[in-house]
Amino acid sequence: MSGDETAPRSGGAPGGSRRPATGPSRPPVALLSGAGISTDSGIPDYRGPNGVWRRDPEAEKLVTHHHYVNDPEIRRRAWRVRLTGPARHARPNAAHRAIVDLERAGVPVRVITQNVDGLHQAAGLPDRKVLELHGTARLFECVDCGARGPMADALSRVEAGEEDPPCTLCSGILKSATVMFGQSLDREVLGRAVAVAAASGVFVAVGTSLRVQPAASLARIAAEAGARLIIVNAEPTPYDALADEVIREPIGRALPALLADLTASTPDGTAPTGRE
Ligand SMILES: [Zn+2]
């Protein structure tokens, strides 16, 4: 399944940045995850350059802030999609679980995700270790007063017959707590993501085309700060030439294998060291 152009799984390119993992301050592992990590959970790529929303202008309106807040019919359709779409009952897959295993093995890990499905946390990763660049669909929020609550509560109201449930506090418009098209990323979350990328010893970009900014630039920030950059993605990305390692195998297999290798090659990990 690996392409001919795939870079060898080298132990570090010449002049590469692989750091000796010694002492108590082991290099933290940062992962940037995109839609590709969740496709095994049945969630299609919505937001990417070739995603569902970009290919379907009518679908894109459902997640475009201007249309959403100004058109009740758009909101009614959006709530129906939230109620019946695949994301509602999606479960984490082997790739999500492999990241949790890495964390539980004692390796410092942070996840920066472009996904809004909450599957990293559903797999068992603590909330504080996940930076959600595009917000979360696990919560609703009020456009007017900012109130938030579990999406499940709002969907119960839709199921009970409210086609466009208003805020119970201020009667304002409710939406998912995600960053819609036409909205800016949360600057604080983005700032923390930049700091995580810059401090990482290993930066793994998984299931992302690395074509959506500013998320993609995190790979460059990490590499320029000296991280070992590993890209796990089915398709080539603009950052492949910058990477120490490019893996094109299916994520559900490739990521668990890669992270097991990282655990084993990290001092104080549960697996024996002495590789290479
Ligand atoms: Zn409100």
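Numbering starts at 1 and runs along the chain as displayed.
Including glycine, each Cβ sits where the backbone N, Cα and C put it.
The annotation region 'Disordered' is assigned in TrEMBL to 1-50.
Annotated domain 'Deacetylase sirtuin-type' per TrEMBL: 6-265, in sequence order.
Positions annotated as compositional bias 'Low complexity' by TrEMBL: 8-24.
The active site, proton acceptor annotation in TrEMBL covers HIS134. Residues near HIS134 (active site, proton acceptor) in space but far in sequence (CB under 8 A, at least 6 apart, same chain), listed by position: ARG47, GLN114, ASN115, VAL116, THR178, VAL179, LEU185.
Residues or ranges marked as Zn(2+) binding site in TrEMBL: CYS142, CYS145, CYS167, CYS170. Within its own chain, CYS142 (Zn(2+) binding site) has ARG148, CYS167, LEU169, CYS170, GLY172, ILE173, LEU174 as residues 6 or more apart in sequence whose C-beta sits under 8 angstroms from its own. Under DSSP, CYS142 (Zn(2+) binding site) is assigned to a strand (E or B) in the three-state scheme.
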On the 0 to 100 scale, where does the mean pLDDT of the domain 'Deacetylase sirtuin-type' (6-265) fall?
90
Other than CYS142, CYS145, CYS167, CYS170, which residues of the same chain sit close to Zn(2+)? List them in sequence order, counting a residue when its Cβ is within 8 Å of the Cβ centroid of the site.
VAL143, ASP144, GLY146, ALA147, PRO166, THR168, LEU169, SER171, GLY172, LEU174
Would you count the other CB atoms within 10 A of the CB of CYS145 (Zn(2+) binding site), including those on all shown protein chains?
12
For CYS167 (Zn(2+) binding site), the number of other Cβ atoms found within 10 Å of its own Cβ:
19
